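*Asks:* Sharing a structure, written as C-alpha cells. Questions coming.
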C-alpha cells in the first residue's frame, strides 16, 4: 500500500483515529505520512 498524507501530523492523534477517521491507530499514522 502506498502511504498518502491525508491530514496534518499535528492532527494525527489517537482521538482523531478512533473518533474521526474510524481507522486503527497504525493506519492513521500511515495516512499522516509516517511510513
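Using N, Cα and C of the backbone, Cβ positions are placed for all residues, glycine too.
What Swiss-Prot lists as domain 'ShKT' is 3-35, and the listing cites sequence analysis. As annotated by Swiss-Prot, disulfide bond applies to 3-35, 12-28, 17-32, with the evidence given as experimental evidence. Under the heading site 'Important residue for binding Kv1.3/KCNA3', Swiss-Prot lists 7, 9, 11, 20, 21, 23, 27.
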*Asks:* Determine the most Cβ-crowded residue among the recorded positions 11, 12, using a 10 Å radius around each Cβ and all protein chains in the structure.
*Replies:* 12
*Asks:* Is residue 11 (site 'Important residue for binding Kv1.3/KCNA3') helix, strand or coil when read with DSSP?
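*Replies:* In the DSSP reduction, residue 11 (site 'Important residue for binding Kv1.3/KCNA3') maps to helix.
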